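So that you can see what the record holds, here are the features copied from Swiss-Prot:
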BINDING   Cys111, Cys114, Cys136, Cys139  Zn(2+) binding site
COMPBIAS  68-80  compositional bias 'Basic and acidic residues'
REGION    37-101  region 'Disordered'
REGION    191-211  region 'Disordered'
ZN_FING   109-163  zinc finger
Amino acid sequence: MLSHVEMAPAAGGFKLFGKVIMQCGVSEGTQDKAQGFVVAREKVEPEEEEEEEQRVPAAATSGQRASIKREAADRDEEQRQGGGDAAGQPTQRRLQDSAEARAAAAAPLPCPRCRSRDTKFCYFNNYNVNQPRHFCKACHRYWTAGGALRNVPVGAGRRKNRPLGPLAVAHHNHHHRAAAGFVLGFPNPSSPTSPSPVYTDRWPVTPDRPF
C-alpha cells in the first residue's frame, strides 16, 4: 500500500498528502441504496399487508357465506318439517271431529215430537257433520239437528194394501157370490126346444117374443 495514502478509519475516508478525503459518493450511494431498500421494503410490506388483509377478509367472507348457506338450509328443513306438521295437524283434527260427530250422531236421540227413543241416524244433511238427519220409527218423522221437524205420512216406509171403499167391497162380494153359485144349465134331451130353468127367469117366453 502506498505510504502517502493512509486510511482514516475513524472518519470513514482516507488520508492523501496530509488531507483526509471523505468517500462522499460511496457513502451517499450506500445511503441512497439503504434508503431505497428501506423504501422498497416499506413499499413491499404494505402491499403484502394489503394482500394478507384481502386474503383474510376473503377467507372470512367465504366462511361467512358457508355459515349463511348452512343456516339457510337448516331453516328450510325446519320450515319443511314445520309445514308438514302444520299440514298434518288440520287433517288429524278434521278426522277426529268427523269421528266424534259420527259417534254423537249414532247415539239414539229422543224424538222432538213424541219423545220416543226408537230413533235411528240416517245421514248427514248436505254432507255437513253439523246437520245429522234422524228418523223416528214411532211417529215416522224426520228431523235434523238444529232444523225444523219434517212431516212425513204415517204409512211412509211401509208397503200396505190400499184400503177398499164400500163400492169396491160390494163389487168384490158380488163377484165371489156369482162365482160360487153359477151353474151351467143344459136343455133336456126329451124336449130340445124347452129352455133351461136358469134362462127361464132371465128371458121369459112370451107370445110376442119367440124363444
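FYI, residue positions are counted from 1 along the chain as it appears here.
Cβ coordinates come from backbone N, Cα and C, glycine included.
Same-chain neighbours of the compositional bias 'Basic and acidic residues' (68-80): none, counting only residues six or more beyond its ends whose CB sits under 8 Å from a CB of the stretch. For the zinc finger (109-163), the mean pLDDT of the prediction comes to 74. Of the listed binding-site residues Cys136, Cys139, the Cβ environment within 10 Å is emptiest of other Cβ atoms at Cys139. The DSSP breakdown of the compositional bias 'Basic and acidic residues' (68-80) into helical (H, G, I), extended (E, B) and coil residues amounts to 13 helix, 0 strand, 0 coil. Within 8 A of the CB centroid of the Zn(2+) site residues Cys111, Cys114, Cys136, Cys139, the other residues of that chain are Pro112, Arg113, Arg115, Ser116, Asp118, Thr119, Lys137, Ala138, His140, Arg141.
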